[in-house]
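Annotated in TrEMBL:
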DOMAIN    A:128-357  domain 'ABC transmembrane type-2'
TRANSMEM  A:12-32  transmembrane segment
TRANSMEM  A:161-183  transmembrane segment
TRANSMEM  A:213-235  transmembrane segment
TRANSMEM  A:247-268  transmembrane segment
TRANSMEM  A:274-295  transmembrane segment
TRANSMEM  A:302-324  transmembrane segment
TRANSMEM  A:336-354  transmembrane segment
Ligand SMILES: Nc1ncnc2c1ncn2[C@@H]1O[C@H](COP(=O)(O)OP(=O)(O)OP(=O)(O)O)[C@@H](O)[C@H]1O
Ligand SMILES: [Mg+2]
């Protein structure tokens, strides 16, 4: 079994192009779909009708302490015109003790922006309250008084959710490609006859299969880990600290996909046909399962039902839960269970189909 | 030591092998001769416990080989008809892998690899990827990989298909050597009767999934003992000549050849005279006549009315 396992690695290292290509694709797609947007800070023009120039710029300093948004100074006429011409989606009006938004069109970021501005305002107002109560101007009250605010990190912004969905979705999607393409080898070996050579040998079928399948699983896991590691260290994407949960999910997901692979190899007899079938299966699964767009935007009941049958849906759902919502293993039982169950069912049917085919396979 | 009993394989509607009985004694070299699609590969696959038979048995040392295949597999070496190797890996890497699969390891494995590489004459190319080999070299390493675990029984499926005469002789000599001096039992499949005639003590002739004749070379040829083969060379082929030829009472088979006709006929009749008479009637000019001792090819022709390769 380990001999078979090791051999497949030797072969993979001789021809690593496939894995590297799909790893590269993951990075490229993440970069174009999420990276560019994530890097950008969103510019928010501000205006004021009552505040002095100085007061307005004080507010701007305070608002610009965090980096997600960049607040710039402008005036009412300009932003009004910009919004009317649809060049800007929104603008923020700053006043002494209140704020207002001019909103031209709906934008993903508005709710986050409102939440953020609201938080800063209430913080400032409370500090102001305290200053007045103590009647002093020079003490930095924030040193003494902890102001309770909801941190931004806890409730993930829609931008963050989108970004993580792309990262997870693409990493899983391209690992599906790699795994399924690598598994074509099973069918190829039956064609070239190396599989038959192994059957002639004293190795049992179970061991041959186990060695092979372990290899595909590990190769898939390796690819996902590499993708996430590179995205973390090079692009700076944060995955939190739920390493155990993430690992369990990745392993279960890869198991489900390897099983799906067995099913495909059992259904589709020739490597040539597989070359066509694999992209179709991988892509439609990714579309239905929500790797390309969030399932929230889907309303068709049939599509939503189909999504339930896609392993990638549970992979994404579970990973997002572990990374963004800080869920623990016990809270992730649903996606994990679904993946394992699918894996077992696919594997059972797949092996049976494969063996039925090989009943007619001579040398 | 190895035998089949009414071995049968049906693929959906097609019966590829039908009620086949054959046996191998220790140290024997046995040929399985048959044209394309006769069922040779299917038979071998069932004997080698790869392909489950539809019915019938394979017995190894009087035990059902399909009940407990491991015993047979350990002493069996099968050379597949196609090159069954990881072609992107080197000869050495392939041998190392398949050696390990048979439980060889360490020094023993290394020395076996060296020995076999020497035997198949590939020591110098052992580090090159198999896909860079010539056809003959691929055939040799395809056999070599099977020899690593020193099988007691060697089953070969057309191991010389599609290669030059030189490589072919090399391989044939090698197999004979393995059989004669190391006592390896050989089951050799081919549709080249010369190979089988040269290499094998005993021959089974197979057609349409059944064995139609078996025995030693001489026994098989004695099927033709009261027949003779006559080659007639003519200046130009003539249909009416061929037709009349096959209608002669003594003739069992008349077929066209490159230079003329090949006739199988009963011995002792006044055949030559009849032939010359026919040539006068049909105005076919005969330029030569020769008598030939029968070959296995003729036996096959006699039994089936077809040549081994068409
Ligand atoms: N998997 C299969 N499904 C259906 N028919 C098959 C299958 N394998 C073989 N056959 C048929 O069984 C018959 C015997 O095939 P087999 O490969 O055993 O012949 P062979 O004697 O080895 O021929 P060759 O000299 O060409 O190798 C052929 O008619 C073939 O078409
Ligand atoms: Mg064959």
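Backbone N, Cα and C define each Cβ position, glycine as well.
All annotation found in TrEMBL is predicted automatically rather than curated by experts.
Counted as Cβ pairs under 8 Å, contacts with the transmembrane segment (A:274-295) are highest for A:161-183 among A:12-32, A:161-183, A:213-235, A:336-354. Spatially, the transmembrane segment (A:213-235) is not adjacent to the transmembrane segment (A:336-354); fewer than three Cβ-Cβ distances between them are under 8 Å for residues at least 6 apart in sequence. When Cβ distances are compared across the two stretches, the transmembrane segment (A:336-354) makes no contact with the transmembrane segment (A:12-32), since fewer than 3 pairs at least 6 residues apart fall below 8 angstroms.
Outside the transmembrane segment (A:161-183) by six or more residues, the chain places 12, 18-19, 22-23, 25-26, 29-30, 33-34, 37-38, 108, 215-217, 219-220, 223-224, 227-228, 231, 237, 253-254, 257-258, 260-262, 264-265, 274, 278-279, 281-282, 285-286, 290-292, 294, 312, 315-316, 319-320, 323-324 with a CB less than 8 A from a CB of the stretch.
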